[in-house]
Each structure stands twice: as C-alpha cells, then as structure tokens.
Amino acid sequence: MWPSLSSVAIFAVIGLSRCYDIKSTVHDEYIKIDENVTLILDVSGDFKPSQGRIHLYTVHKDLVEIVPADLPLNASPPWQFSVKALSPGHDILTLNYTGTDERINVDNAYVRLTLLRSYDLVTASVAIGWIYFVAWSVSFYPQVYENWKRKSVVGLNFDFLALNLIGFLLYSLYNCGLYWIPAIQAEYFNTYPKGLIPVQLNDIFFSLHAALLTVFTIFQCFIYERGEQAVSKVAKGIICLFAVVLGVAIILSWTASISWLQFLNVCGYIKLTITLIKYIPQAYMNFRRKSTVGWSIGNVLLDFTGGVLSMVQMIINADNYDDWNSIFGDVTKFGLGLFSVVFDMFFVLQHYVLYRRTSYAEISGDTVQPEADADAEETQEETVATEQSENQHT
C-alpha cells in the first residue's frame with residue numbers, strides 16, 4: 001500500500017529539518033608564540049561523509065599558521081588541524097563550508113585565540129588581579145572602623161556616600177543582569193556572537209559587597225554624631241539628573257525602543273560618570289576644613305593599592321598579548337583607574353603633608369568638636385574647678 005501524501009510530507013519536513021552542527025570542541029585557546037596546538041572539529045547527528053569542504057581562516061592573517069587550512073568532508077568526523085602562534089595578540093578562528101548540503105551549520109565553529117609571549121606573565125596577571133580584588137574589597141572597612149571608633153561621622157562627606165551608593169547599586173545591577181538573566185545574555189550574544197560575557201562571579205561579589213558596606217556606612221551616619229552635615233543641593237541635583245536618565249531608559253526598554261542590554265549599558269555609563277566625580281566633594285571638604293579627621297586614610301591607601309595594581313595588570317596583559325590598543329586605543333578603563341589613583345595621591349598629600357599637624361577646623365555645618373579640642377576643653381574645665389576648690393579651702 002502506497003503511503004499517503006501527508007505521510008510523505010511529514011517525512012520530507014523531518015528530513016529537511018535535520019541539521020548537522022559543525023563546531024569546535026573548545027571555544028577559547030591560549031597559545032604561546034612558536035607553540036603548536038591541535039584543535040578538533042566535530043559534528044552533531046548521524047553525519048555521513050560528503051563531497052563538501054571546510055576552509056579555516058582567521059581575522060588577522062599574520063598571527064597564526066593553520067595546517068591544514070582546508071578539510072575535506074569525505075572523511076568521518078572528528079577532524080583535526082593544528083594552529084601555530086606566530087605573533088602575540090588576539091584572533092578569532094572561523095570557517096566556511098563549501099558544498100551542496102544545506103543542512104550543515106557552522107555558526108558555532110569558532111575559536112577565540114589568545115596568543116601570548118609567556119605563561120608566567122599570565123600567572124602574574126592572575127595573581128595581581130586577585131590581590132587588587134582583595135585590596136578594593138577590604139578598602140571599605142577602615143572607614144567603618146573609623147566611624148565606630150570615633151562614634152562620629154563628622155569629616156566624612158555625605159555627597160561622596162550618596163554618589164558611591166548609587167554607583168555600586170547600578171554596577172551590581174549591570175553585573176547581575178549580564179550574569180544571571182538569560183534574555184539579556186541572549187541579547188549580548190546577538191550583538192557579539194563570538195564574544196564572552198564580560199562579568200565574572202568575583203565582579204558580582206565585589207559590587208554587591210561594596211553596595212552593602214556603603215549602606216552600612218550610611219546607617220552609621222544615622223546613629224553616630226554627624227553635626228549638621230547633609231547631602232548638598234548640588235549632589236541632589238546630580239542624583240535627580242541620573243534618576244531622570246534611568247527613568248527614560250527604563251521606559252524605552254519597557255516599550256522595546258531599546259534592549260534591556262542597552263539599559264544596562266546606560267547603568268554602566270552612569271557608574272563611570274560617578275567614578276569621575278565622587279571624590280571631588282570629599283577633597284573639597286578636606287580643603288575647607290584644613291583637616292582629614294573623619295576621612296579614613298586606610299581606605300585611601302587600599303584603594304590606591306588596588307588602582308595601581310589594576311593598571312599594572314593592564315600593562316602586563318598589553319605587553320604579553322601585544323595589545324596596547326586596549327590601553328591607548330580605548331582609554332576609558334585605564335583612564336578611570338588613573339583618575340582614581342591621582343585622587344588617592346591627592347588625599348595622601350592632604351593627610352600626610354598639607355594638614356598633617358591640623359587636627360580640625362570648624363566650618364559651617366560642623367557643630368561637633370573634635371576629640372582633641374574636646375579633651376583640651378575638658379582639661380581646662382578641670383583646672384578651673386580645681387583652682388576654685390583650692391580658693392574655697394583657703
């Protein structure tokens with residue numbers, strides 16, 4: 001009995017829908033200069049050898065040597081080929097399929113190549129990365145301890161705290177969105193098909209930890225002596241401007257005018273802007289008071305350590321991968337790190353040189369006496385009381 005027309009159609013659709021995905025067994029490979037690495041291509045499904053061919057190529061023609069550069073598909077998979085690193089740098093290996101079988105898909109057949117001078121420099125870069133990660137994470141605690149020890153937050157600028165909190169909340173939102181939300185990850189890979197999610201677990205820990213410590217520091221401002229300190233009108237205006245930008249971005253994302261990935265990028269841009277301006281209120285406050293009392297130098301030294309090491313890591317990587325464009329071609333990250341380090345150096349200058357012998361100078365809004373002045377006044381009162389007592393006995 002002949003099969004019905006509908007049965008033939010179903011089997012035809014099934015046959016056409018079967019897809020053979022050719023893909024690399026790895027998507028990232030580190031190769032030292034003059035080193036050969038064997039890479040493997042495999043295929044999904046019950047693939048039968050065919051008459052097609054695969055041509056392997058890279059974005060940059062002078063960084064690697066591929067042998068063989070053409071693979072015939074008349075042999076059973078997997079297929080092997082070797083890659084030799086000729087010069088340091090970054091490259092992407094992809095392939096083209098030439099043949100008549102439309103079921104073959106090569107979209108996942110790519111390898112990100114990192115070509116390096118030395119594995120020791122890679123180890124040094126990783127070690128430095130963890131050191132500055134710890135330094136930056138710990139840098140929030142000296143200020144918390146300083147506030148607890150003095151039972152006062154006089155000298156700690158509230159504009160700095162407010163901007164810092166907003167910055168780290170937005171940074172946390174950016175990191176968590178890219179790391180945990182599949183829809184946003186899909187948008188990222190649609191934009192950068194062969195890219196990597198630029199967020200690691202330690203980035204999430206750092207941003208959330210920083211936000212929580214900033215919240216706790218703000219809590220200390222409510223329970224400890226603060227005088228008449230408050231967030232300035234200028235800072236409130238800047239925060240309102242950020243709120244308007246975020247509000248517009250949320251509406252545009254909600255109405256699909258922009259993607260949620262673009263919304264997260266807006267959050268990232270605001271965080272970068274805050275990094276540029278957040279230290280200015282504290283530095284100006286120290287200048288007006290002619291004192292750094294209340295502003296923890298431990299925080300500054302740890303932040304300085306982290307900033308310097310982050311730039312050292314960037315320089316090591318640029319040399320190891322011959323990727324100086326990562327610094328001079330896009331100065332954003334390096335420039336922000338340098339900007340923070342310069343401010344830290346200015347705070348060190350204020351603390352150890354300019355106002356080293358100045359315990360405190362009262363300005364408008366500070367109604368609380370510093371410990372040194374309070375102790376002096378208490379000693380003076382005790383002396384007067386003693387003299388009065390002696391006069392009475394006489």
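Just so you know, glycine gets a Cβ as well, placed from its N, Cα and C.
The feature compositional bias 'Acidic residues' is assigned by TrEMBL to 372-381. Residues annotated as compositional bias 'Low complexity' in TrEMBL: 382-394. The region 'Disordered' annotation in TrEMBL covers 367-394. Annotation comment: TrEMBL describes 1-19 as signal peptide. The transmembrane segment annotation in TrEMBL covers 121-141, 153-174, 204-222, 234-254, 260-280, 292-316, 336-355.
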- line: With the cut-off at Cβ under 8 Å and a gap of six or more residues from its ends, the chain residues touching the transmembrane segment (121-141) are 30, 202, 205-206, 209-210, 213-214, 217, 298-299, 302-303, 305-307, 309-310, 312-313, 316-317, 319-320
Statement: The answer for the transmembrane segment (260-280), taking Cβ pairs under 8 Å and residues 6+ beyond its ends, is 159-160, 163-164, 166-168, 170-171, 173-174, 177-178, 181, 183-184, 187-188, 191, 238, 242, 245-246, 249-250, 252-253, 332, 336, 339-340, 343, 347
Query: Under 8 Å, at least 3 Cβ pairs, sequence separation 6 or more: does that hold for the transmembrane segment (153-174) versus the transmembrane segment (336-355)?
result: no
- line: Within the same chain, the residues 6 or more beyond the ends of the transmembrane segment (204-222) and with Cβ under 8 Å of it are 133, 136-137, 140-141, 143-144, 147-148, 153, 156, 158, 161, 164-165, 168-169, 171-172, 174-176, 179, 229
Message: Give the nonlocal contacts of the transmembrane segment (292-316) in its own chain as ranges (CB under 8 Å, at least six residues past its ends).
response: 121, 124-125, 128-129, 131-133, 135-136, 138-143, 145-146, 150, 152-157, 282, 286, 326-327, 333-334, 337-338, 340-341, 344-345, 347-348, 350-352, 355, 359-360, 370
